[in-house]
């Protein structure tokens, strides 16, 4: 063997047989071994979560960011007492904050369980039912498309070409009468 080529007993030059190159699990060639060692394994179960930025993809920017000023506003000329306004602001903000925490504590884990099961079922159905169904449909539709293509080329093309030639000499003259 020389330079990644294989010379047989009769002097013919071939590429190196696949067994001598190794396989994807135990490569013999250094380039493939380096390529595999550079890939980092990323496991979704062991990744760390960010406790500060809990919406890194900004899913709820336009929905959940509701402040006191977004809900309650007093126009000019109809203001309540300043103390009432401050107490209303504090009551609204604290109630929203703690009631959200209470609901999260009571229903957060059960809802996470429900949504985890739902998306697991959805992923399972997509992987094991939807994609194979679409692939089988595409394989089956190829036969129909070939028959349809033959039909179009043998029947429709000559028919429409003949009709086109018949009407190709039709001329329309428009004259405006005064």
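Quick reminder: no glycine exception, Cβ is built from N, Cα and C everywhere.
Note that this is a predicted model, so its numbers are computed, not measured.
Marked as phosphoserine by Swiss-Prot on the basis of similarity to another entry: 2, 9, 37. Residues or ranges marked as N-acetylserine by Swiss-Prot on the basis of similarity to another entry: 2. Among the features that Swiss-Prot reports, phosphotyrosine is placed at 6, 14, 25, with the record citing similarity to another entry. Residues or ranges marked as region 'Required for homooligomerization' in Swiss-Prot: 2-94. As annotated by Swiss-Prot, region 'Interaction with CAVIN3' applies to 82-94. Among the features that Swiss-Prot reports, region 'Interacts with SPRY1, SPRY2, SPRY3 and SPRY4' is placed at 131-142, 167-178. According to Swiss-Prot, the region 'Interacts with SPRY1, SPRY2, and SPRY4' annotation covers 149-160.
Using a Cβ-Cβ cut-off under 8 Å and counting only residues 6 or more beyond its ends in the same chain, the region 'Interaction with CAVIN3' (82-94) has close neighbours at 67-68, 71-72, 74. As a summary of secondary structure, the region 'Interacts with SPRY1, SPRY2, SPRY3 and SPRY4' (131-142) carries 12 helix, 0 strand, 0 coil according to DSSP.
The helix, strand and coil residue counts that DSSP assigns across the region 'Interacts with SPRY1, SPRY2, and SPRY4' (149-160) are 12 helix, 0 strand, 0 coil. Each residue of the region 'Interaction with CAVIN3' (82-94) gets a DSSP state, and the totals for helix, strand and coil are 13 helix, 0 strand, 0 coil.
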